[in-house]
Amino acid sequence: MLSAAFVVLIALADFVASALLTDASQLKKDNYDFVIVGAGAAGNALASRLTENPSFSVLVIEAGVTDEGVVGIEVPFLAPTNTPMTAVSWNFTTVPQTSLDNRILTYPRGRVLGGSSSINFLVYTRGSNEEYDRWAELTGDPGWQWSNVEQFYLKSSRLVPPSSGRSTAGMVNPADHGFGPVEVSLPGFPSEIDNRIIDTAKQSNGLFPFSLDLQSGNALGVSLPQNAVGNGTRSSSATAYLRPVLNRSNLDVLIQTTVTRLINTSGAKEKPSFKKVEFAANSTAKRSTVTASKEVILSAGAIGTPQILMLSGVGDEKALKTLGINTLVNLPDVGQNLQDHPIMSNYFFVNSNNTFDNVLRNTSILNADLALWMENHTGLFSDGPANGVAFLRMPSNSSAIKEFGDPTAGPLSAHIELVFADGFAATTTPQPPTGQFLTINSAVVSPTSRGSVTLNSSDPFVFPNIDPNFFATTFDQQVMLQAVKFSRQFVQAQPWAGFVQNRTGPVGDAETDDDIIAASRQAIVTIFHPTSTARMSPVGANFGVVDPDLLLKGADGLRVVDASIFPIIPAAHTVAPTYIVAERAAELIKEAWS
Ligand SMILES: Cc1cc2nc3c(=O)[nH]c(=O)nc-3n(C[C@H](O)[C@H](O)[C@H](O)COP(=O)(O)OP(=O)(O)OC[C@H]3O[C@@H](n4cnc5c(N)ncnc54)[C@H](O)[C@@H]3O)c2cc1C
Ligand SMILES: *[C@@H]1O[C@H](CO)[C@@H](O)[C@H](O)[C@H]1NC(C)=O
Ligand SMILES: *[C@@H]1O[C@H](CO)[C@@H](O)[C@H](O)[C@H]1NC(C)=O
Ligand SMILES: *[C@@H]1O[C@H](CO)[C@@H](O)[C@H](O)[C@H]1NC(C)=O
Ligand SMILES: *[C@@H]1O[C@H](CO)[C@@H](O)[C@H](O)[C@H]1NC(C)=O
Ligand SMILES: *[C@@H]1O[C@H](CO)[C@@H](O)[C@H](O)[C@H]1NC(C)=O
Ligand SMILES: *[C@@H]1O[C@H](CO)[C@@H](O)[C@H](O)[C@H]1NC(C)=O
Ligand SMILES: *[C@@H]1O[C@H](CO)[C@@H](O)[C@H](O)[C@H]1NC(C)=O
Ligand SMILES: *[C@@H]1O[C@H](CO)[C@@H](O)[C@H](O)[C@H]1NC(C)=O
Ligand SMILES: *[C@@H]1O[C@H](CO)[C@@H](O)[C@H](O)[C@H]1NC(C)=O
Ligand SMILES: *[C@@H]1O[C@H](CO)[C@@H](O)[C@H](O)[C@H]1NC(C)=O
Ligand SMILES: *[C@@H]1O[C@H](CO)[C@@H](O)[C@H](O)[C@H]1NC(C)=O
């Protein structure tokens, strides 16, 4: 018996080693049908779907490390501990933000199996149907409209019960959910603010409408958060899509390896073709290459993808020339149109001893919560850090909309998001040593500011210049101002009486509109949703980076599949839309090579 068990263990160890490679020398071949760059949200979904076809061989190359056994990744409540400077993140910073008093912001992305889906804050929202109908309009491809991509939403995720097993009837609509591998659940352990949030919505006469389920197609309203959590543990593209199929013999995954550029493999007088991928373990290691006989697919995310394109000679010819890079495809839009949601914290003192403030201050409480999570994945730590979300529109008489127009996808899509937390969620202000707090984070989810990712160097190991250009438009400033006003108005409702005390923090102290906008410049950070740096545009358009089938314009055989291809940022958290993109891409690719 003992020796049989021993043999099984050895076999398992061997299998793990052969599926997850850590060094290029372990590759058994130098040619695959498909080479996917980046094992993030999109890359893993794609790898999983493509290898369903046993005749396709797939290699995934990922810069980061394995996600397995990283407690900060697995434990939902600890999600914020993975950023910014950790072994599982790209430690990016922005260039000075001119509309934020020249502050430099940290700008982390996941650098680990699962990419940013392994370190994100778990909130799961697909956005309104209107978002996808607008993508179809902007790209001229009806394949992106909701009536067609709904199937991909349903294929990507499914609703599961929370780890506590409590009933969630009346808090979610199971009919709005699918049958895919990513597990989505409501918090299992209600906080003291849950009922206050929901009751405020239900009593607000439609000012803050209650939403049974934000995945219904109408993305407006106040709701409990739906998190990418199953059985009290994070559900990422690594756990949901990749790990269950790692034993497929047609899939290799090479981690701890950075792709440095793509190499032109076309014949003379043909369009450039990028079927050779160059990579290295680090800046001093030897570079190696691998080729794809069918396609190379860039899934390196909204920062990594444009960086690799530019390093490969795809981008704005003038800008590339100054760095000594020979342009193969002149596409000035590469790295442009960076969009993200600015967010900041509104703090209130509360009359309570039950917020999570003491958990963060007192190691013995923290360790007890962690021990409970370790025991059976229950308790505070089995839920994400958010306790409620509200997606709201500007008031219908808003002068900002009269003056600047309405940038949303339609009347069921938000300008503003509020995210509630039962404690002090530290963004720019550290948690005070005493006191109990409510945080309402306010975000602009219909931004009109546009930024960019540009190369700082032709060295692939030098981080690019990242400029989200937050708060650059008067419109975005007016939306944030309204978001602050809504957050204050929200807690004036009866359910908060005796609980919420005075406002505090830099934004809380601001009274006039001008003061609030000035304080915002000091308080805004990223919600971590960069998109659109390799945006889709119609076939034949003189702007954009990829066609609606995600193939790079002006080249052969290179597809981009990740959040960089969004034609415009949705008023939603971005991981669910990224899975939808990856699921549709998998179908397009299977069709192209069937
Ligand atoms: C801290 C944080 C919090 C967030 N919170 C939420 C949230 O609550 N809800 C939500 O919906 N979304 C959230 N997001 C955003 C969401 O996770 C992303 O939109 C989504 O993961 C994007 O998927 P992607 O495939 O485009 O890129 P990613 O998931 O970032 O994957 C890109 C992968 O490519 C790899 N890579 C990059 N360059 C190279 C290279 N040169 N060579 C090899 N590999 C490379 C990266 O290491 C990474 O693994 C958050 C993100 C972060 C960082
Ligand atoms: C980020 O910083 C951490 C801690 O200093 C380090 O371990 C990690 O390697 C860094 N990541 C990158 C991509 O530089
Ligand atoms: C988890 O463990 C705790 C502490 O032992 C116990 O009270 C609780 O009932 C358990 N929950 C589940 C779902 O097993
Ligand atoms: C991989 O593992 C799963 C689950 O253990 C099993 O069902 C499947 O048959 C295995 N596939 C291969 C190719 O070994
Ligand atoms: C791509 O490589 C081929 C073969 O070397 C070459 O003939 C062609 O000119 C290259 N394309 C560009 C745009 O440089
Ligand atoms: C770079 O990678 C090589 C090859 O894997 C390795 O031997 C070397 O130790 C690495 N250097 C650093 C600084 O990590
Ligand atoms: C919080 O605890 C303190 C000390 O035990 C007590 O005096 C106070 O009444 C408690 N506050 C609330 C709201 O329960
Ligand atoms: C931390 O919490 C424990 C358990 O509730 C308590 O006994 C202890 O006094 C607290 N420590 C401090 C410094 O407040
Ligand atoms: C949930 O996690 C606990 C703790 O690891 C485990 O005992 C239990 O079997 C898991 N349940 C399911 C349904 O996976
Ligand atoms: C919009 O309507 C609200 C409520 O009626 C009112 O308080 C506000 O002043 C109006 N704003 C503008 C710009 O007209
Ligand atoms: C590279 O970054 C440094 C520091 O941010 C900046 O001073 C320099 O101008 C940048 N160079 C390019 C070519 O963008
Ligand atoms: C706000 O409330 C806190 C806690 O009750 C109190 O310590 C503080 O003095 C108050 N600040 C103002 C400006 O009222």
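Placement of Cβ uses the backbone N, Cα and C atoms for every residue, glycine included.
Residues or ranges marked as active site, proton donor by TrEMBL: H529. The secondary structure of H529 (active site, proton donor), as reduced to three states from DSSP, is coil rather than helix or strand.
Among the features that TrEMBL reports, active site, proton acceptor is placed at H573. Reduced to three states, the DSSP call for H573 (active site, proton acceptor) is coil. Taking Cβ-Cβ distances under 8 Å and a sequence separation of 6 or more, the neighbours of H573 (active site, proton acceptor) in its chain are N120, V123, Y124, T125, I527, H529.
Residues annotated as FAD binding site in TrEMBL: V112, N120, F121, L122, V123, V259. V123 (FAD binding site) counts 22 other C-beta atoms within 10 Å of its own C-beta, drawing on all protein chains shown.
Taken from TrEMBL, the feature domain 'Glucose-methanol-choline oxidoreductase N-terminal' covers 110-133 (among others). Counting residues 6+ beyond its ends, the domain 'Glucose-methanol-choline oxidoreductase N-terminal' (110-133) has Cβ neighbours under 8 Å at 38-41, 43-44, 62-68, 70, 72-73, 76, 79-80, 82-83, 88-90, 144-146, 149, 153, 157, 182, 184, 214-215, 217-220, 225-229, 234, 236-239, 242, 253, 255, 301, 384-386, 389, 391, 408-413, 419, 528, 570-573, 575-578, 580 in the same chain.
Taken from TrEMBL, the feature domain 'Glucose-methanol-choline oxidoreductase N-terminal' covers 301-315 (among others). Outside the domain 'Glucose-methanol-choline oxidoreductase N-terminal' (301-315) by six or more residues, the chain places 37-38, 40, 63, 90, 92, 107, 109, 115-116, 259-264, 272, 274, 325-332, 334-335, 338, 453-455, 458, 460, 464, 466, 530-534, 545, 552, 555, 560, 562-564 with a CB less than 8 A from a CB of the stretch.
What TrEMBL lists as signal peptide is 1-18.
Per DSSP, the domain 'Glucose-methanol-choline oxidoreductase N-terminal' (110-133) is made up of 9 helix, 3 strand, 12 coil. Neighbour density for F121 (FAD binding site): within 10 A of its CB lie 21 other CB atoms from the protein chains shown. For the domain 'Glucose-methanol-choline oxidoreductase N-terminal' (301-315), the mean pLDDT of the prediction comes to 99.
Here the domain 'Glucose-methanol-choline oxidoreductase N-terminal' (301-315) has, by DSSP, the following mix of helix, strand and coil residues: 11 helix, 2 strand, 2 coil.
All protein chains considered, the CB of V259 (FAD binding site) has 26 other CB atoms within 10 Å.
It is L122, among the binding-site residues V112, L122, whose Cβ has the fewest other Cβ atoms within 10 Å in the structure shown.
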